[in-house]
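Feature annotations, courtesy of Swiss-Prot:
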BINDING   GLY114, THR115, HIS116, GLY117, LYS118, THR119, SER120  ATP binding site
Amino acid sequence: MLDKNKQIWFIGIKGTGMASLALLLHDLGYNVAGSDIEKYTFTQVPLEKVGVDVKNFDPANIKSNDEQVIVKGNAFKEDNPEVKACIDKGVKWQSYPDTVEEIVQMHTSIGISGTHGKTSTTSLLSHVLGEVAPTSYLIGDGRGKGVEGSRFFVYEADEYRRHFLAYHPDYQIMTNIDFDHPDYFKDQADYTSAFQSAADQTKKALFVWGDDKRLQSLKTDIPKYTYGFKDTDDFQAVDIKKSTTGSKFHVLAHGKDLGEFEIHLFGDHSILNATAVIAVAYTEKVPMDDIREGMLTFKGAKRRFSEKDFGDIAVIDDYAHHPTEMRATIQAARQKFPDKKLVVVFQPHTFSRTKKYQKDFEEILRDVDKAYVTPIYASAREANGDISSEDLVKNIPGSEVIDLDNIADLTKNKNSVIVFMGAGDIPKYEDAFEKLL
């Protein structure tokens, strides 16, 4: 249990989620410190900036449960020196999800789950609610912020290994249920069952995308509201006007016009995410004019359609690594840059996902002006497999395999928007390319 009279010690504090949680707890007034591998990582910068002590792993860091609350990262097992010290000293630990659940119970809490759109929707909701009332948040891109006395807690709920079943929020947005994480979930039914369990644990209301049949099939004892573009949706986006600066649209709440909203974001998925945010805010009786203002000042989530301008070349960085996400990102790029050649640099993420979605990836990349595929990013769980980037490229006319040693080939693409997409270490390819511009 969290305790302001004890030190909150993180084993693995540099992990993206752990660093976010450590920052949030520090902001809420807890005494936070932790340890990790010696290698310098970007996640430790904000921690050190606010004075959180980040040490190397050392058994001596572990004291006792009288002095410390230990939060252990999922990746660390008994061969870790501090985990071993906990076992030897009889010191109990709690997990990241256990700790987040404690924060969930302290607030009016909203979880955002789904295969795609979690980070973007969590970022937007935390931003607009933060314009209205004190709001703490935890986002999957490594950002966490706590506000003492906060009314709302907005968090990204990750379905991998059913982690989100640790949480019992007041509200939950579910963006979609497309089968993912084939290394853990057996099949679509197994994957969908995790979301049914998450729905069962939601207390006040569930908000689901109206076009997703699996979301429609979820059974709940609480109100389940749909959002989308159809007349049958409880919260419907209508009168949509798209431009190169974003999108304007009205939202009907159970038929009542809530007025026009504007977002400086691109693609249908961004309008859907915004409609889900409006639905939650409306249900919580947050003034719509405040939400309108918050939408206008939102600049987007990290690594979600992040743009840079290099004269006639625009560079977009996006986390997309599943076919649905890739299609959404490509649609958004066409909306923002209708007159530019569309070039995609795609890093397949894990061998199991690449094998499962090979035909989808090939179909999507055949539809852009030029496609490059990097070597497959191997995760720690899955070091190799029987598929390669060459297998994709041979089925995509005009495409090429690209690596750091031939990254200069990208400079041939004049008057282009170049989209780097992937969930692994694709930023290293983008960085190498940008140094040539």
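Even glycines carry a Cβ here, placed using N, Cα and C.
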For GLY117 (ATP binding site), the number of other Cβ atoms found within 10 Å of its own Cβ: 26
Env. residues of ATP site, Cβ within 8 Å of mean position of GLY114, THR115, HIS116, GLY117, LYS118, THR119, SER120 Cβ: ILE112, THR121, THR175, ASN176, ASN273, GLU325
Binding-site residues (THR115, THR119, SER120), the one with most neighbouring Cβ atoms at 10 Å: SER120
Number of Cβ atoms other than its own within 10 Å, given for HIS116 (ATP binding site): 24
Protein Cβ atoms within 10 Å of GLY114 (ATP binding site), excluding its own: 25
Long-range Cβ environment of LYS118 (ATP binding site), under 8 Å and at least 6 residues apart: ILE112, GLY140, GLU156, ALA157, ASP158, THR175
Coarse DSSP state, helix versus strand versus coil, of THR119 (ATP binding site): helix
For GLY114 (ATP binding site), the three-state class that DSSP assigns: coil
